[in-house]
Amino acid sequence: MSDDKPFLCTAPGCGQRFTNEDHLAVHKHKHEMTLKFGPARNDSVIVADQTPTPTRFLKNCEEVGLFNELASPFENEFKKASEDDIKKMPLDLSPLATPIIRSKIEEPSVVETTHQDSPLPHPESTTSDEKEVPLAQTAQPTSAIVRPASLQVPNVLLTSSDSSVIIQQAVPSPTSSTVITQAPSSNRPIVPVPGPFPLLLHLPNGQTMPVAIPASITSSNVHVPAAVPLVRPVTMVPSVPGIPGPSSPQPVQSEAKMRLKAALTQQHPPVTNGDTVKGHGSGLVRTQSEESRPQSLQQPATSTTETPASPAHTTPQTQNTSGRRRRAANEDPDEKRRKFLERNRAAASRCRQKRKVWVQSLEKKAEDLSSLNGQLQSEVTLLRNEVAQLKQLLLAHKDCPVTAMQKKSGYHTADKDDSSEDLSVPSSPHTEAIQHSSVSTSNGVSSTSKAEAVATSVLTQMADQSTEPALSQIVMAPPSQAQPSGS
């Protein structure tokens with residue numbers, strides 16, 4: 001046994017033998033490649049599975065807090081820059097025209113809660129030509145920031161009373177309302193503002209975007225009293241049930257996102273004469289807004305929104321087009337596929353109709369050509385029958401004695417010498433028949449009866465010629481009659 005396999009494995013615990021050294025080298029290499037796991041584990045020892053799965057990844061992200069909405073790092077910078085700009089602007093305002101609510105209010109204030117789903121109001125503004133007053137001249141800088149409930153353009157009403165500012169802003173936040181106070185009435189000329197108004201839009205994702213509102217008015221000679229209500233946004237908790245307060249900002253943002261989506265999908269009501277038509281909301285908010293409107297306005301002609309502004313007409317159109325684009329982007333894939341199939345079916349039906357008309361025209365043309373071909377074939381058949389009959393007549397009169405007598409009497413020489421006559425007798429009935437055949441063939445309308453009549457007339461004249469040998473010339477009338485009859 002040891003003689004057959006002299007090569008022994010020197011590995012501990014292995015006593016295998018091999019016949020040659022190559023097998024032993026391969027076996028030793030297997031020992032070297034074997035993994036050493038150490039002692040066997042007990043079943044009680046449990047190793048924690050740390051395989052990175054998507055579920056564990058999401059769990060780790062939630063623990064770290066990556067899914068929480070982070071505040072924009074530029075938000076504070078924007079706020080600080082806007083406050084600095086407001087502070088740097090020259091504010092030479094009379095004490096009666098400041099939009100700050102003082103301790104003593106001349107007339108009782110009226111609270112008006114604007115609904116979130118209201119459509120875009122008309123941005124219109126009027127002020128004096130002495131000073132250019134921007135939008136953000138209120139006491140609180142938050143009046144120029146639109147909260148993330150909706151992206152609505154505020155309705156700005158500015159009347160001039162020695163550079164006085166009256167601002168009405170539709171605050172779309174569900175946790176804010178508007179306090180309206182009365183300003184002293186005075187009549188001043190209205191002139192257009194030379195530039196747009198700056199505005200900061202606070203988006204739902206935490207970003208702040210600057211927006212410029214164009215302000216212009218068509219007539220600069222209109223005198224509008226300054227008895228327009230003075231409006232300043234004040235943070236208040238409304239009594240409408242179901243709307244969370246300002247203490248829970250996260251549910252407010254999620255609800256604002258849902259309402260924004262609902263507002264984009266539904267059709268906005270029209271805007272007429274700058275009066276905002278309230279959207280479908282709770283009856284309490286709509287009733288409050290309707291009751292506060294006649295109290296805030298003393299005279300019906302005091303509003304500056306009676307004069308239409310040029311950018312006010314383009315704003316609803318652009319909003320409608322953008323709404324259509326959003327609806328087209330948010331369409332259901334099944335609806336897109338259904339419309340695609342409808343267009344394909346319509347195109348296929350049009351193609352089939354065009355092809356049917358083309359095939360019908362080809363069939364009609366083929367029928368016309370086949371009828372014309374049949375007519376030509378019938379004419380050819382008639383002409384061939386006529387030629388065959390004429391050949392039979394010629395063969396029948398080939399050995400006729402009249403023809404032999406004409407040849408003997410020298411009819412050919414007499415025919416050649418006579419040049420004063422119009423028509424002469426042909427040299428033979430064969431030539432006469434050929435001449436008649438050519439005439440009838442050229443016309444294409446001769447018949448067998450006419451050919452027989454011509455042949456009999458020629459034979460009759462030839463018989464008369466044989467009875468009168470004294471005449472040297474015979475003028476034949478039948479050939480002249482045969483030609484008009486053939487024609």
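Cβ coordinates are placed from backbone N, Cα and C, and glycine is handled just like the others.
Looking at 42-45, 218-221, 278-281, the range tied to region 'Essential for its histone acetyltransferase activity' in Swiss-Prot is 278-281. The phosphoserine entry in Swiss-Prot, when matched to the candidates SER72, SER173, corresponds to SER72.
When THR53, THR307 are compared in Swiss-Prot, the phosphothreonine annotation sits on THR53. Checked against Swiss-Prot, the residues THR51, THR315 yield a single entry marked phosphothreonine: THR51. In this structure, the C-alpha atom of THR53 (phosphothreonine) lies 30 angstrom from that of THR34 (phosphothreonine).
In the three-state DSSP reading, LYS356 (N6-acetyllysine) counts as helix. With respect to THR51 (phosphothreonine), the closest of these modified residues in Cα terms is THR34, chosen from THR34, LYS339, SER349, LYS356. DSSP assigns THR34 (phosphothreonine) to coil in the three-state reduction, outside any helix or strand. Residue counts for the domain 'bZIP' (334-397) under DSSP, split into helix (H, G, I), strand (E, B) and coil, are 63 helix, 0 strand, 1 coil. Cα distances from SER349 (phosphoserine) to the modified residues THR34, THR55, LYS356 are smallest for LYS356. Looking just at the zinc finger (7-31), the mean pLDDT is 89.
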